[in-house]
Amino acid sequence: MSELDNQLSLAIHGKPTAAVTYNRTASLKKMRFRENVLAYTFLAPSLFLFAIFLFYPILKSVYLSLHSTDPTGQVAAYVGLDNFKELFSSGLFWNGMKVTAMFSLLTVPTSILLALLLAALTHNLRWGKRGFQFAFSLPLVLAVGTSSIIWKFLFHPSLGMLNYFLGLAGVAPIPWLVSPEWALLSVSLMTVWMNLGFNYIILSSGLQGIPDELYESAKIDGAGAVTMFRIITMPLLSPTLFFVVLVSIISAFQSFGQINILTSGGPMDSTSVFVFSIFQESFINFRFGAGSTQALMLFLVILLLTYIQFKWVERKVHYQ
Amino acid sequence: MTGFRFKHGMVLSTAILMVALAGCNNSSDASGSNGSTSSPSAGSNSTNAEKPKDDVKKPVTITWWHSMSGTNEKAVDKIVTDFNASQSDVQVQAIYQGTYDESLNKLKASIGSNSGPDLIQTYEIGSKFMIDSKMITPVQTFIDKDGFELSQLEPNITRYYTIDGKLNAMPFNTSNPILYYNKDAFKEAGLDPEKPPKTYEEFEQAAKALSKNGKPGASIAIYGWFMEQFFANQNADYVNNGNGRDSAATESLVNSEAGVKTLEWWKRMLDEGAVSNLGRKTADTNSAFAAGQIAMTLDSTAGLRNIVESVGGKFEVGTGFLPKPASADKGGVVVGGASLYIMNSKPEEQQKATWAFIQYLASPEVQAEWSVNTGYFPITKAAYDQQVLKDNMVKYPQFQTAVDQLHASTESTATSGAVMGVFPEARQLVEGGIEAALNGQKQPKQALDEVAQQITKKIADYNKTLK
């Protein structure tokens, strides 16, 4: 596109006769058209896939959200906005929103800060760097299912390792997944650990991208570790951080596997994050209408959040 | 440089595209071959009909979707292999489709296509849904046609699946809940190890006696199925209209006296430190039981073998009836588990072949073997005369309790089991209500009132979508 712009501006700056202008605009139009055709031809395969796997399902969700479905999942009747009214009046939406927001608050900042700390610490290690890098990024290679099962063993109310160690320390056993007060914390704990690997790798590579000369000249100017971190590391790392924040929030809103395996949304809906509630409504209770309604609401919420982040947070990001 | 990167990007994206497309291709191939298992045989049948000279008869192939995993899946596979080897008219293909919920999902996705199964195993709480979906041919049709002797089956099992006067599905794997207790711990606590508690009151006494230094002596998983069973054990209906059997249920009765009494008892024991709350999963109560941390728990008979084996001789495992309030004299347990439905979307010849396979499954030999390998009840009475089953009774004498409990159940709408279309959801709601009461957020009565109200609304919504 940029080359085209150049040609365009060249054409405008010249001072040709009328006929030539006419010819030029005609050929320009032609060129632009050809260029567009070419662009869309290249885009076509991905647009095609998007259409099948994204646009069509979204349209279908909108359609389903306005209908009730019979036990076989077939559309039974048009119900207008009843599904939406029901969603808001039953408190399901607000509970889901509350749990999801809490879950994001508990997992996103902690896992990013922890990953940043670990990345900063390992970045300047003289020896054993590889070993630590390997260890800290390890959670990334474990599938959600596998990690959840491992943590389920750890959290087991009477036989779990965590309660065993607490017992050795003389602390009463904690009802990790059984009590409504603890369940969300426990799931978040596991999620922080699980996300640590990914965040750590991204932030580490971000740190490695900052040239050493900057630190060296800052040192010569007499800057301390904290100042260097504040003045050099943070601004130069901000694009990476922005990316990690964006991805983490979206993935927190989409968490499902660990919740399904560890708590199934319970006890008392205390871990019933939005996606789990969609799953439950659609594929356990078989009310595709209500499920689609929730899915659409989640889509809107994520859209809004992402918009806010691009609009306001990105301004603070320093691109080189 | 940009050109190079552009090329690179194109190569990469094309590669991704190819992979995605190849994935599509493969999966559609796979489902195609799955679905087409029926079509070639259907095709060959029609050619057979056209050309009667052709005397090489091709077997009818039927697909069976089931939800048995682990050792149970092996038992299923063995039955199918034996059946296929025993004759040449029908070939069965058993496909594991995930949990009952997942399998039902796939069934729904297959509506209107030829990729569905001939036979599907569905959990007991899916009964009303299967009937309402109008996707099935009730096995009663074939029973009447063939003069199949229904009396050879356990009446307490077939009662559950007999709705609107006909047997809709052939029961396959059935179980009921029993009390598991640690005989050694009973002795230590000064209780009679041969006399397990039979009533709520006795259970509470025993649990208190078994609790020591602040550690509760028993635990019951927060599993909606147990609540349903406690209702039946007090001969109380779970939903109105004859437990949903006279006509479609319109109201949940979970907040009736039977429910409140049960939940108050449960909550009281928790407050006294006699039972602990280990969550919704029986797997967690079982492992605590096997580790000797609790001395009494409830679980399905299907878990018996697993429990006895994981205890591994550390202590002696006893079994007893599901407790009920001392004031309740009638009642009994409802069968749990799953049954087999014949799908009506398939040609008659295939449905007939499916029925032939079902008859094989119901035979005493197969039932005895199935029961021994899995811990489910045999559905056929004569299976108890089989030597393998007798040997198994000697090895696991605890299993006798389950059989006795099944036979001791009095006949009523309560013990036949509730029927409602939103059963899976009702179960979640009940579990949520029990949690709210046990965690002290609501009074038992209040918690159950709210649950009943929610279930009643869900039932109304469900009934509205049926035409």
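Note that Cβ sites are derived from N, Cα and C of the backbone, with glycine treated the same way.
Feature annotation from TrEMBL assigns transmembrane segment to A:37-59 (among others).
Annotation source TrEMBL lists domain 'ABC transmembrane type-1' at A:97-309.
Annotation source TrEMBL lists transmembrane segment at A:101-122 (among others). With a cut-off of 8 Å between Cβ atoms, the residues of this chain six or more beyond the transmembrane segment (A:101-122) that come close are 129, 132-133, 136, 184-185, 187-188, 191-192, 195-196, 199-200, 202-204, 206-207, 229, 233, 241, 244-245, 248-249, 252-253, 255, 271, 273.
Long-range contacts of the transmembrane segment (A:134-155) within the same chain, counting only residues at least 6 positions beyond its ends with a Cβ under 8 Å from a Cβ of the stretch, are 115, 118, 122, 161-162, 176-177, 186, 190, 193-198, 200-201, 204, 257-258, 261-262. According to TrEMBL, the transmembrane segment annotation covers A:134-155 (among others).
Residues annotated as transmembrane segment in TrEMBL: A:161-178 (among others).
Among the features that TrEMBL reports, transmembrane segment is placed at A:183-203 (among others).
The feature transmembrane segment is assigned by TrEMBL to A:223-247 (among others). Tertiary proximity for the transmembrane segment (A:223-247) is limited to same-chain residues at least six positions away from its ends with a CB under 8 Å from its CB atoms, namely 108, 112, 115-116, 120, 199, 202-203, 205-207, 209-210, 214-215, 306, 309, 313-314, 316-320.
Away from its own ends, the transmembrane segment (A:291-310) comes close to residues 58, 60-62, 64-65, 83-84, 87, 92-93, 96-97, 242, 245-246, 249-250, 253, 274-275, 277-279, 281-283 of its chain (Cβ-Cβ under 8 Å, at least six residues beyond either end). For A:291-310 (among others), the entry in TrEMBL reads transmembrane segment.
For the transmembrane segment (A:37-59), the list of distant contacts is 299: same-chain residues at least six beyond its ends, Cβ to Cβ under 8 Å. Same-chain residues lying 6 or more positions outside the transmembrane segment (A:183-203) and placing a CB less than 8 Å from one of its CB atoms are 99, 102-103, 106-107, 110-112, 114-116, 118-119, 136-142, 144, 147-148, 151, 155, 176-177, 237, 240-241, 243-244, 248, 251-252, 255, 258-259, 262-263, 266-267, 270-271.
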